[in-house]
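Participant: Please read through the structure below; I'll follow up with questions.
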Amino acid sequence: EPRGDSDGPRRGSLCDQHCAAINNTQGDLGCHLHRPRVPPAMSPPSCCQQHSDEVCESCVVKTTLTAENAVEANKLSNNYKFGFKKWKSHVTERPWEDRSEIVKELYSDLNVIRGSGGSTATCGNILYLLLFGWWLSLLYILVAAMMFVTVVGAPYGRLCWDLAGYFLWPFGKVIQQVEVPKSRRALGACEAGAEASGAGESSALLGGPMPHRWRPPCWADAGYWQCAGTVAWLCLGYPALVLAHGLVCVTAWLLVILIPVAKLSARTTARVLLLPPERVLIRRLRMTEVPLEGEVILCCYRAVNPYYYKYAVDGINVFAVNLLPLVLVTLVLGYVDSHNRLTSSPVKFTLALLSIMPLSYYIGMAIASISAQSNFAVGAVVNATFGSITELTFYITALIKGSREGNRCYAEIVKSALTGTLVGCVLFVPGLCMVIGGIRHQEQRFNSRSAGVSSALLFLSVGGVFAPTLFSKVYGKLVCGECHNVTQNPLGHYLCHNCHFDLMENNGTLFYSHVQPLVYTVSLLLPAAYLIGLFFTLKTHSHIYDIHISDCHMPGHHHSAVVHWSRWRALVILLLSTLCMSACADLATEHISPILTNSTISQYFIGVTVLAMVPELPEIVNGIQFALQNNLSLSIEIGNCIAVQVCMLQIPILVLFTIFYPTNFTLVFSDLHVYASMFSVVLMNYIFMDGKCDYFQGTVLVMVYFILLAVYFFAPSPSGC
């Protein structure tokens, strides 16, 4: 709803202005935040003196976000809903007019002539020369010599000679497609030999006379592909150059910042090398305003553009596109090379773990696309069903493998990963976002009331998850593996090793009669509390967020939504990504055994770091992007939402899974997990108490997280591993 002149009875009041001034939360990229300015003379005490506390508390943070269309507005609204996945990228095509000049340059073809931007001898261009330019130029010289030897391909030899100089340093040069005069086309078909074209034309822009060009074997376009010179070119010269440019294109695309070089090679292969030689003209640009004659095919000024991390293909970020082939390689190596003849188990485990990152991205975008194009009920079901599918897939496959092998180590790894996700999302994710956002913004504010709801649920969930552990510590019997008398006195002190609380005393009476019923009770209460939290934040107390979405009413803008992924396409991608995720998780658990047995690093550390945080990398990137745009509320909510889902959804689902498929997983954690989780939640609530933060507070959270990682690194491996 747009905030107009009829904004309610409190419009224009001091309280409304003060609360609007408190809110400096900005919308997503391309959206604008509308809020009234507060006179400098007004101070918070004057607001509270003239208005009741009830009114001041009710207005809290008011945010009005503008969106290009209804689908994008629905996505923005879902970002502020509890239990919904927060997604930064657009799910619809943005209007070209709304994009910045930097982004427009990313999607432009390399055929635009711009004014002089200074010297072309930049570090990026020199990098191109070292990586590609010298050997591409040498290859063109060799191909040119080969075409001269064929005689009939001499025009193509001259073209390759000119292109050798171009690709050695293509910056500041232009390749044109010129028209051949009709009088020359009528000279006849397939004239043998080579004849210099006496073109003495000149241009002030290009400077100097037009270079000579060998006359082709065939002047008639209709018979171009049947000429002997063209056949020799397509059989001898063109394939080698296509392979070379293909290698350059793939390498430059994978490096991302060198995508202009990839475009240069692709356009050369598809256009320049397939034109008749006499229609290709290469010139060096000079400072002038005289227009070029003929179509400009290529005009490149720089090889490196650091902003290509924003580049997207059909709404998919370029990094997710580049990592997609890694998924195919992982699946092929994992299931075809089952005996590790080509690669070892650690390599397969690493590939499987890296493949989870792009699959997590595709799952997240599919969920955001479906939710933005559906009603609230469908969006809530999709987010609740597939929101934690990445983590649950790995945990369940690990528990199944541990149950089949009778190895308790897998259950301990799952517990470590659950704890690592909880601690990382409570400390590392918001801390890192606060540090990066604080570098750009001196002080950042967020909605403390909405963060308070997540904090309360975190306290409840952590207390519920670790209740069986505390119960077992109180009523369990301490059993030690080895005890030695230190003082040689029967009544002296004993030093014991491998101590743990035994819950199976008296044929498991304590566990089956007391601990297990408590675990089932907690597993039922936690999802119920999650549903109550959803009902509270989305239905009865939705004014806590007070987010209003309005359309942009700007001249010339079209508001029709052109979605990147339709609902059915998003659903198919979601199901395929989930299937591939299951396969990669199965490969990861299959090849983790050598790492657990041969590694000198504690299994606690492996579970808390690698297995816990790698699947959350897309969420971390989203949080950083929100923080950079001064929208710290969503950065905090990303971490809180994941942590709440770990305790209130993922753990109860694992407990429910163990009922139907018995495993070694019990909801009894080690002391280290309990202390680390509780300390993290308490520290997070203390930092977020005042509703504002800076990079120093974020540094504190990150440092505490690294201290906990050091504790896990030096901790001994859990019993059974």
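Backbone N, Cα and C define each Cβ position, glycine as well.
OK, TrEMBL features for this one:
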type	residues	note
DOMAIN	123-173	domain 'Inner membrane component'
TRANSMEM	126-149	transmembrane segment
TRANSMEM	240-261	transmembrane segment
TRANSMEM	316-335	transmembrane segment
DOMAIN	347-466	domain 'Sodium/calcium exchanger membrane region'
TRANSMEM	376-397	transmembrane segment
TRANSMEM	417-439	transmembrane segment
TRANSMEM	451-471	transmembrane segment
TRANSMEM	518-538	transmembrane segment
TRANSMEM	570-589	transmembrane segment
DOMAIN	570-712	domain 'Sodium/calcium exchanger membrane region'
TRANSMEM	601-621	transmembrane segment
TRANSMEM	642-661	transmembrane segment
TRANSMEM	667-688	transmembrane segment
TRANSMEM	695-715	transmembrane segment
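Show me how these features fit into the structure around them.
Facilitator: Away from its own ends, the transmembrane segment (240-261) comes close to residues 106, 110, 124, 127-128, 131-132, 136, 139-140, 143, 160, 268-269, 273, 300, 302-306, 308-309, 311, 318-319, 322 of its chain (Cβ-Cβ under 8 Å, at least six residues beyond either end).
Long-range contacts of the transmembrane segment (376-397) within its own chain (CB-CB distance under 8 A, at least 6 residues past either end) are made by residues 78, 83-85, 356, 359-360, 363, 366-367, 370, 414, 417-418, 421, 534, 538, 574, 578, 581-582, 585-586, 588-589, 611, 615, 645-646, 649-650, 653-654, 657.
Counting same-chain residues at least six beyond the ends of the transmembrane segment (451-471), those with a Cβ under 8 angstroms from any Cβ of the stretch are 82, 422, 426, 514-515, 518-519, 522, 525-526, 529-530, 533, 536-537, 544, 633, 636-637, 640-641, 643-644, 646-648, 651, 666-669, 674, 677-678, 681, 684-685, 688, 691.
Tertiary proximity for the transmembrane segment (601-621) is limited to same-chain residues at least six positions away from its ends with a CB under 8 Å from its CB atoms, namely 86, 88, 353-354, 356-357, 360-361, 364, 390-391, 394, 409, 412-421, 423-425, 428-429, 432, 595, 638, 642, 672, 709, 712-718, 721.
With a threshold of 8 Å between CB atoms, the same-chain residues lying at least 6 positions outside the transmembrane segment (642-661) that come near it are 83, 384, 387-388, 391-392, 395-396, 399-400, 403, 414, 418, 421-422, 425-426, 429, 454, 457-458, 461-462, 464-465, 519-520, 522-524, 526-527, 529-530, 533, 616, 619, 667.
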Participant: Residue list, the transmembrane segment (570-589) vs rest of chain: Cβ under 8 Å, 6 or more residues beyond ends.
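Facilitator: Same-chain residues near the transmembrane segment (570-589) but 6 or more away: 327, 330-331, 334-335, 348-349, 351-353, 355-356, 359-360, 362-363, 365-367, 369-370, 373, 386, 389-390, 393-394, 397-398, 401, 410.
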Participant: Pairs of Cβ atoms less than 8 Å apart decide it: which stretch in 126-149, 316-335, 417-439, 518-538 has the most with the transmembrane segment (695-715)?
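Facilitator: The stretch with the most contacts is 417-439.
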Participant: Sort out the residues at least 6 away from either end of the transmembrane segment (518-538), same chain, that have Cβ-Cβ distances under 8 Å to it, and list them.
Facilitator: 81-83, 376, 380, 450, 453, 457, 460-461, 464-465, 467-468, 471, 544-545, 644-645, 647-649, 651-652, 655-656, 666-667
